[in-house]
Amino acid sequence: MTVLAPAWSPTTYLLLLLLLSSGLSGTQDCSFQHSPISSDFAVKIRELSDYLLQDYPVTVASNLQDEELCGGLWRLVLAQRWMERLKTVAGSKMQGLLERVNTEIHFVTKCAFQPPPSCLRFVQTNISRLLQETSEQLVALKPWITRQNFSRCLELQCQPDSSTLPPPWSPRPLEATAPTAPQPPLLLLLLLPVGLLLLAAAWCLHWQRTRRRTPRPGEQVPPVPSPQDLLLVEH
């Protein structure tokens, strides 16, 4: 008896490949119908923080974009990667505490986040700060986790580089700027009152001389002596 295999068309193979690829990679629709954040996440984080050495070195991103919707989710993505890394070097007791915290932020793996960009810079800090920031992000995200769609947050973004930022102060446009009058020298300001006083004194002296030479109404002007009169006076 011969059993015939079903005939598979190229379209069928293509559909199967699409289904497999979508199942292997995270969904592009980053939204949550039910809150993945438990009500006692702060207790789990505090228990881990109390057990860990407070000065255990980790790294946090220093130039993540301050995006209102995506910023908190991006920091949880990086924190979740640290939880996975710490579990590989922790003892059995520590692994249990790390796994409890990791469970609280593991929901970020349900979204197909892109690898961190090369522009992202990291600075060293201690584990207590990382856990504190994780708790703060969960507190801020919990009321909105089921109300927002985070599909546009799948690519972590860096802050603009300092070389591309505008200067901290820039002058107004020329058409909106009134021309500035040149500042007079200080010496000119000091000499100006003296010059005005001298000018006033000269004017008063000139006025007094003019007044003496001008006869008043009814006043007789003495005749100007002739040369003969001057000779008689001399003899």
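Placement of Cβ uses the backbone N, Cα and C atoms for every residue, glycine included.
Computed from a predicted structure; not experimentally measured.
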Second cysteine of the disulfide that Swiss-Prot assigns to Cys70, among Cys111, Cys119, Cys153:
Cys153
Candidate cysteine (Cys111, Cys158) that Swiss-Prot pairs with Cys119 in a disulfide:
Cys158
Would you mind checking which of Cys111, Cys204 shares a disulfide with Cys30 in Swiss-Prot?
Cys111
Across the topological domain 'Cytoplasmic' (206-235), what is the average pLDDT of the model, as a whole number?
57
Determine the most Cβ-crowded residue among the glycosylation sites Asn126, Asn149, using a 10 Å radius around each Cβ and all protein chains in the structure.
Asn126
Are there any residues at least 6 positions away along the chain from Cys153 (disulfide bond) with a Cβ closer than 8 Å to its Cβ? List them or say none.
Cys30, Glu67, Leu69, Cys70, Leu73, Trp74, Cys111, Phe113
Neighbourhood of Cys158 (disulfide bond), C-beta criterion under 8 angstroms, separation at least six:
Asn63, Leu64, Gln65, Pro117, Cys119, Leu120, Arg121
Which one of these disulfide-bonded residues, Cys30, Cys111, Cys119, has the sparsest Cβ neighbourhood, judged by other Cβ atoms within 10 angstroms?
Cys119
